[in-house]
Amino acid sequence: SIRRTLSPANLHRSYQNGAGFSSPSHKFLPNGNSKHSSSRHLPLLFTAVNLVYRKGWRRSLCCCLFFFLIGFVFGITLFGNMDTDVRAKDFAFPELKPPHVDLRLDDQIVNSVSLGIHTRLQEPKEVDDSIGPPLKQLIVVTPTYNRGFQAYFLNRLGQVLRLVKPPLVWIVVEEKVASFETAEILRRTGVMYRHVVCTRSPSEPKDRGVHQRNAALEHIERHKVDGIVFFADDDNVYTVELFESLRTIRRFGTWPVAMLAPSRNKAILEGPVCNGSQVIGWHTNEKSKRLRRFHVDMSGFAFNSSILWDPKRWGRPYSNPIRQLDTVKEGFQETTFIEQVVEDESQMEGILPGCSRIMNWHLHLDTSNLIYPKGWLLEKNLEITLAIK
């Protein structure tokens, strides 16, 4: 510290209150002779009071500074040094970690739950059809005409098709005109259908189905309907499994069909003999094996519809329309048609391994001379009769 020489003028100076006061410079020295040497800050405060009375007009300002200094000094003296070292970690939130969970599936399986009722915890899950490749569309062609069992046949076939998974389109062909009764049956089945009319009049009744199937083939070819074509006559009996199996066909598929013998007292088979999915022979008899190339029933085969409107895809050397011929004898329509689609058995696929299951039956029911029993006829309205009773 630096000591200053005291001025004589200030040494013997008297103050207004009559009290002698030592030089203020001594109050800041560490070894001063002041009466209040025990306090280092009190001389400064009294000096400020002296200045207030000396300056007069600055008295108000000095009062404010005086009380400010008092608060500042006592604040430091009482509370000591402040820790200003504030770190970010002091305000950081605690790290929250989820508890450890053991994900072993063996410990999470619930074997039984008692709910007061009988429940099955492990039931087979339903297969989601949206997963995997889309199913092939089935194109079912059915010729029909007005006869005694027509409504029964169409309703029976329609109910079977209703159980088949979509996509499926049912092409029903009538001759001359689309009847209202047939259209009403088709609407009630709930199956997506197309009602086609064959305008060509057959010269013989046996050619009726030939022209109707050709009308359906022309419709498929013109509109390029993609799918598996299957000729399903309305008087045959089919299983749902057969229609689901048709979706496995790539080009041409065939399977055996059970039918009644002419004596109608036993059933015979007509169709392929298979080794796995390979066709190696045919179920036939001595009479027909020399005349027919392929021994298949009309409802015993199906093929890819693109063969009709995209022959280059299948390597067909000619592009003539594939149709059934009305110039051949009855019973040879199937083999002459198949010869236009495939060359031999190597291009065929046996449906189901070994072709060992019968999935449809051809009954050959003749309903042309069908006469209803007399008791079935009602002379009066049925509702009125029931109301009277």
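Any Cβ shown, glycine's included, is placed from N, Cα and C.
Within the listed segments 1-24, 25-48, 193-216, 265-288, TrEMBL records region 'Disordered' for the stretch 1-24. Of all the recorded positions listed (Glu270, Glu334), Glu334 sits in the most crowded Cβ setting, with the most other Cβ atoms within 10 Å.
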